[in-house]
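What TrEMBL says about this protein:
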type     : residues                                               : note
DOMAIN   : A:13-303                                               : domain 'UvrD-like helicase ATP-binding'
BINDING  : A:A34, A:G35, A:P36, A:G37, A:S38, A:G39, A:K40, A:T41 : ATP binding site
DOMAIN   : A:304-588                                              : domain 'UvrD-like helicase C-terminal'
REGION   : A:667-732                                              : region 'Disordered'
COMPBIAS : A:682-698                                              : compositional bias 'Basic and acidic residues'
COMPBIAS : A:715-730                                              : compositional bias 'Polar residues'
Amino acid sequence: MPEHTELEQELLAGLNGPQREAVTTTEGPLLILAGPGSGKTRVITHRIAYLVRCRGVRPWHILAVTFTNKAAREMQERLEKLVGLSEAREMYIGTFHAICARVLRAEADLLAPFGLTRSFVILDTDDQAALIKQALRDLDLDEKQYRVSLIHALISRAKNAMLSPYQMAEQARRYTEEVAARVYRRYQQLLRSNNSVDFDDLLMLTEQLWRTESEVLARYQQRWQYIHVDEFQDCNVPQYKLIRLLGRGSYERPGGSGNVCVVGDDDQMIYSWRGASAENVQAFERDFPEARIILLEQNYRSTQHILDAAQCVVRRNTARKEKRLWTALGQGEKLIYHEAYNDEAEGLYVADEILKLLARGEVAHRGEIAVMYRTNAQSRALEEQFLRANIPYKVIGSRKFYERKEVKDMLAYLRLLLNPHDDLSLQRIINVPNRKIGPKSLGELQRWAREEQLSLYDALQRSEDHPTLGRAAKNALQQFAHLLAELRSSVAELRLPELLDRVAERTGYGPELRASPEGEERWSNILELRRVAEDYAEIETSLALELFLENVALVGGADVAQTGEDGTLLHEEDQDAVTLITLHAAKGLEFPVVFIVGLDEGILPHGRSIDSPEQLEEERRLAYVGFTRAMRRLYLVRARRRSYFGDVVYTEPSRFLADIPPDLFASSPGSESRRQSSTWERGGRYESYDHDHEDYGSRRVYGGAASRPRRSVPADTTFTPSSADVSSTPAAPRFQPGDRVLHHLFGQGIVLKSELESGSEFVEVQFQGKHGKKRLSLDYARLERLP
DNA sequence: GCCGCGCCCCTTTTT
DNA sequence: GGGGCGCGGC
Ligand SMILES: Nc1ncnc2c1ncn2[C@@H]1O[C@H](COP(=O)(O)OP(=O)(O)OP(=O)(O)O)[C@@H](O)[C@H]1O
């Protein structure tokens, strides 16, 4: 078939030898171990495209698993480009948790033994904590002594090791763990009586279902015949077991296609705290002994200086296999190191530098820039400066929006409509807005519900029969019961966005917020939530509710972008923005320009990891992951003082800086920041030139250890950007006025105009229906041309 | 029953 | 810098 060869040529054209081998080895297990930027993810996407377009594999037989939502979205987008929207939509691409949620929901009939029904809800972190707290109270344990966060972490660790409460108690190595095992038991009871699951349950229950129900497993083995796992090094035990079951069946009942392609890099293993372990690679080799192993050695992402620096940091880890990694992209620019006076100045420096990059045209779009940090808390200092400098940015993985009270309240209503036995949500909103059902009435109702073995919802419906509650309380409860029943019946009548409207209006929550000026912002948040719900308007409402709530729980909603001026929330595709992201979430991504901030002892490596050699190695890998995200320019930034929980703390430079040979650094760009640049004196003493010269001499310097190899001055040459660095973008517009287009959210539309602006194409599209006219950047918007 | 104040702890990292 | 929680005043 000649088209085949042509297609094949096209797909294989952008691949090197070993990559081609990986892509065309479509049958049997495949293990790809390779360093960053070597095209592992590219192999997965091209392999999938090859399967579908050259080997005639139907797209619904394809499964691709990622670890973060962002990675799943990126892969979906890459595949849409390679195989087209309609085919890509038929594949299953998602995180383990999302896949498990989908499986469990689909197998609703078999959930009864687990104490769940189809309408189970996935609890977010806060709700999980609330249940732990409840469990502690039920067991008469002191919350001060047994901190919720600690107990929660211990329970989660046990669940990820697939231990039952009983097994956890047996294996307890300290008293706290024994107590946690008791809490675990109660916590599971509470979860189930709420008809709810936590994140760990999703994995464990699916594994259990597949392991015990062989016909069910067989169906999924039939369905997903080509399995791909990205970032395999971060698999934990239940996740690996899922892959094994799907690809090879259980020891007792072998099965599955055996077509399992896993790709990973042990130097990028950064989730061992979540149960990831290098043992999974060994397990894979044991369980799939015939696996073809392919190594990739050429890095296509970064320039040599960046790679060198990254490898110098990770090379200090013991017990790692050295991998060859080279780039043909040339030496490239040197790294830029900057030391700021404090964390505020750190943010200011980054913001300034970004403005300069844009002004000089060294970077065409803000989207080419990412700022990475170790802890989420570090984003605030950056955000403040970005707001001041009017730099649009987006914080990836920020859950802030979904943590707002009004948003949580609305979501609690929605969850209750789906799953009336969600006592947690009912408790939350029974008196929101105020309907005179205070803690006393609620407490009495709960006590009674427990006594009568009713869910809170059923108890509410029958509150007339309550023996002791007074008339006023009963009236209030009855009225609320009717309200809920009425809202529940409107699920059948309304689309999801309209359902949200009805909830807001009928509960009186909307009117209350709109009535006061203070409520205005909160009301606009509810409108924002409604906007997210609009994506589900076309789907049958009860299914839409399920999907919407699942998405909120697992994805934490859209990545939130914020404009400079007014702080309004905008969605990702709406504008060109700088990315703010944790090092963890950045794994698998790449950006032309990367800033890593907080290269301080205590931050990176994090203070909690400093005492343990294993954890310190993980910090090193984290730095490695961060460095290797950069394509052509890498900034390493730190602050000498930092506010920590309010008070000021002096920091020392990260020990990782000392691992980088000084000749890989350029000086700070520009003359005015040269004043701020810092240097190490010959004696290893650290000295700074900006602001003041107060003597902090008693503080120790540079990693604190005199024995540390000391750095000399990073060469103090002026930084000159090379013209080759300016990224090139197409000179001709892709769309013309009159073109018919399809957008994944807004549907069909007609291009009104198209213009090129600093190398990016912007189109104005008139969409059909309520979306109306929109201006989109083609750098972000996914637009398909329609014939 | 509501609200405001002050105290405490908190921070890894993600689903 | 901030969120949760308990206490005390209205
Ligand atoms: N053969 C190739 N020719 C040109 N570009 C390539 C080739 N292989 C990979 N690339 C490019 O290199 C970059 C890195 O690829 P990719 O993200 O797949 O690497 P990776 O191994 O998954 O990296 P990481 O481990 O850091 O996630 C991408 O921009 C990709 O398009």
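If you go along the chain as it appears here, the first residue is 1 and each next one adds 1.
Using the three backbone atoms N, Cα and C, a Cβ is placed for every residue, glycine included.
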In the chain carrying A:G37 (ATP binding site), residues 6 or more apart in sequence that have Cβ under 8 angstroms from it: A:N299, A:Y300, A:R301, A:S302, A:T327, A:E590, A:T628
Residues near A:G39 (ATP binding site) in space but at least six apart in sequence (CB under 8 A): A:L15, A:N16, A:Q19, A:L296, A:Q298, A:Y300
Local Cβ density at A:G35 (ATP binding site) - other Cβ atoms counted within 10 Å: 25
Most crowded position, judged by CB atoms within 10 A, among A:S38, A:T41 as binding-site residues: A:S38
A:A34 (ATP binding site): tally of other CB atoms within 10 A of its CB: 24
8 Å Cβ shell about A:A34, A:G35, A:P36, A:G37, A:S38, A:G39, A:K40, A:T41 centroid, ATP site members excluded: A:R42, A:D265, A:L296, A:N299, A:Y300, A:R301
Packing count at A:P36 (ATP binding site) (other Cβ atoms within 10 Å of its Cβ): 25
Model confidence over the domain 'UvrD-like helicase ATP-binding' (A:13-303), averaged pLDDT: 92
Those residues of the chain, 6+ apart, with a Cβ under 8 Å from that of A:K40 (ATP binding site): A:I32, A:A34, A:D230, A:V263, A:G264, A:D265, A:L296
